[in-house]
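Participant: A single structure is presented below for examination.
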């Protein structure tokens, strides 16, 4: 259940960023922004949050998520909603996603990756 809640929170964050960037600024359909947010959220959650974050830390995971988001936004628009938005707009959205992920990962560390420390016996 924690994965579902965490993924929904991530989708809401991405939907907010991409709605402003793609729907308000670029005048693209809201459905395109929301579908893109869903695809990018699932992709970055599985690769960036479940694999990279616990193994490589917050900064690496946030950076890789931003890069994946930028590439995924571009590919989704090339494949599903041509024409693709301006490269500058994709870069701004990717940077905002990377910044948002940095703070989102703080939440994930507290909620999803709770590490229960057990005292070690003296040897």
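Every residue, even glycine, has its Cβ placed from backbone N, Cα and C.
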Participant: From the ranges 86-104, 105-123, pick the one that TrEMBL records as transmembrane segment.
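Facilitator: Within the set 86-104, 105-123, TrEMBL attaches transmembrane segment to 86-104.
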Participant: Go through 7-26, 32-52, 59-80 and flag the stretch with the largest number of C-beta pairs under 8 Å relative to the transmembrane segment (86-104).
Facilitator: 59-80
